[in-house]
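According to TrEMBL, the signal peptide annotation covers B:1-20. Look at TrEMBL and you will find B:138, B:141, B:142 tagged as heme c binding site.
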């Protein structure tokens, strides 16, 4: 069954890829960044909220700011490895310009014009402001360089053809926000949807690996094995906003269990942000609607 | 300590593999973690000001944390009681592949609990900073060794 599903998915991806052969990568207009200058301290906040180190640090290393990559991301399509994004000019991104980083995080496109895989959550980062990306660039350049080469991905045909991602992007790439919110929730939405990419883990995916926005934050199978990633929607999560903010700060649930798994890295990051930002995220979480009934019968729970 | 951990682990394997129910060792270790959470709840409630500070109750909670930290862990972690082998546990197999690291992380919890023990009776404002350190020790083990629910 699973095999058939995979073949169908493969066929669909090829179909989309061939049908949309003209899906050339879209780029950021360079003028947007010409007059912006980046601020290292502000960039550190963007970096922390966005969880860049959580994926790009060396697995098991003490120093999480050496972004030499190597962490594995298993998926239905194969295993991806986070690349080296330290400022080393050959192994990392030391020779990049701010516009290269903008194209990577906001368009999912490499300096050579290839599509990145969405395991790199650019479908969230594409909502970031230009200034935040400029600040982020300044901060990344201030980190230590490391010459360890990036590990190649372990993905089979047809997913190893980056061109076929053009089809995926046409289906799922969107820099529109998922949730409509009043003005006082905009900061929370920015943190959740544009930076902290909470939905990448907490939202189930459809057969093509796109987030099922009709079940936004409704919980999902754990991609790296046992268990499920819990729902944040009000039908399941009964915590108060204060509980959510305290969890993001301390890792403690209302029952004083303590956070685990990949969420521990999210908490490590949010513990370093301001109380206002944690409260803003909590307010967004509390505003989530209950999900629509699951009719897909696919990978969602 | 480490050595006995390993020997008993081997012996206990023999005892548990035949059982279909959640092994007693698993229930026991989950119980110990729940005792920790319960006592942290008492301290956390006081730190946040949701519960009025009471030096005696705070001290008792901190003492209990230290007491749990002194339970010998050997008998609680028989081999074959990981989440890949049986139902009813979230303990990842990586625990048994990295016993030294797990023992060190358990030790870090013990240290943090002792610091709380020294502070908890001294005033409401002494609890908060120690909550952070204890929480860090829980998180530092759960991040690699416990699966989500």
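Here, residue 1 is simply the first one shown, and the rest follow in order.
Including glycine, each Cβ sits where the backbone N, Cα and C put it.
Here residue B:141 (heme c binding site) comes close to B:102, B:105, B:106, B:109: these same-chain residues lie at least six apart in sequence, with C-beta atoms under 8 angstroms from its C-beta.
Listed in sequence order, there are no same-chain residues at least 6 apart in sequence whose CB falls under 8 Å from the CB of residue B:142 (heme c binding site).
Of all Cβ atoms in the protein chains displayed, 27 besides its own lie within 10 Å of the Cβ of residue B:138 (heme c binding site).
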